[in-house]
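Per TrEMBL, these features apply:
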| type | residues | note |
| --- | --- | --- |
| DOMAIN | 4-98 | domain 'Endonuclease/exonuclease/phosphatase' |
| REGION | 164-185 | region 'Disordered' |
| COMPBIAS | 166-185 | compositional bias 'Basic and acidic residues' |
């Protein structure tokens, strides 16, 4: 791994995989692979991102769990706001899916949040005018909701509840289709 690090130099690089190493993440004893991983991280100046996970277990089998899959990044990746994520719901292996995000898209998301704050001045908003303007854009029936803010608030809650129930029904139908395809295929 040090040879690879020498070749890529200061370029952005990420190493990830099943290292079968225990580095003390879950209070387990550090094993030989874990020692090699920790030594490499120290010598190469890279960061082991797994330390940031709330629950670092990446492998599960019946009654056991362990952290043996790792993501290491060099400093230039880590400086760009690199964040590790884990998805335990992927049911294709006894390992959890882990990955990282970093770079431009994180900055774009930050910019969108700032624009939203500038666009919506909630302290000085004319809420009655806003509610009347929503009548033509709201999904569902807005007839008879009323003109007071509290009536509109209740009406909006009802529309959201109806949409949520419809979404739940659609998810149930899709789950049944997926299960049928899994059984057939």
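Glycine too: its Cβ is placed from the backbone N, Cα and C atoms.
Taken through DSSP, the region 'Disordered' (164-185) splits into 21 helix, 0 strand, 1 coil.
Mean pLDDT of the predicted structure over the domain 'Endonuclease/exonuclease/phosphatase' (4-98): 85. For the domain 'Endonuclease/exonuclease/phosphatase' (4-98), the DSSP counts in helix, strand and coil order read 26 helix, 26 strand, 43 coil.
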